[in-house]
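Participant: Structure in structure tokens, see below.
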Amino acid sequence: MKTLLLTLVVVTIVCLDLGNSLKCYVSREGKTQTCPEGEKLCEKYAVSYFHDGRWRYRYECTSACHRGPYNVCCSTDLCNK
């Protein structure tokens with residue numbers, strides 16, 4: 001009975017995913033970060049425009065996303081590539 005109870009507790013913790021575990025890209029090269037508490041969104045947003053027509057982007061965890069036509073705001077792991 002104790003084994004069953006312990007198993008249920010472990011399964012509950014895993015299913016509830018206690019704590020903040022959202023992972024976001026934080027660089028163009030693919031570096032990732034576990035987001036701090038309170039930042040539950042991943043974002044990729046345009047910060048400048050190069051003369052050849054390419055955008056420079058910033059990648060980060062955030063609590064509120066920037067608005068813009070080329071920006072990505074999402075809430076699942078590694079969704080801001």
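Keep in mind that glycine also has a Cβ here, set from the backbone N, Cα and C atoms.
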Participant: Mind checking which of Cys65, Cys79 has the disulfide with Cys73 in Swiss-Prot?
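Facilitator: Disulfide mapping in Swiss-Prot sends Cys73 to Cys65.
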Participant: Of the cysteines Cys24, Cys35, which is paired with Cys42 in the disulfide recorded by Swiss-Prot?
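Facilitator: So the cysteine paired with Cys42 in Swiss-Prot is Cys24.
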Participant: Swiss-Prot annotation: Cys35 disulfide-bonded to which of Cys15, Cys61?
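Facilitator: Among Cys15, Cys61, the cysteine that Swiss-Prot links to Cys35 by a disulfide bond is Cys61.
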Participant: Cys15, Cys79: which one closes the disulfide with Cys74 in Swiss-Prot?
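Facilitator: The record-listed partner cysteine is Cys79.
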Participant: On the three-state reduction of DSSP, what should I expect for Cys24 (disulfide bond)?
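Facilitator: Looking at the DSSP assignment, Cys24 (disulfide bond) belongs to a strand.
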Participant: DSSP secondary structure for Cys35 (disulfide bond), reduced to helix/strand/coil, please.
Facilitator: coil
Participant: Out of the disulfide-bonded residues listed (Cys24, Cys35, Cys79), which are within 10 Å of Cys73 (disulfide bond), Cα to Cα?
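Facilitator: Passing the 10 Å Cα cut: Cys79.
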Participant: Check Cys74 (disulfide bond) against DSSP and tell me helix, strand or coil, would you?
Facilitator: strand
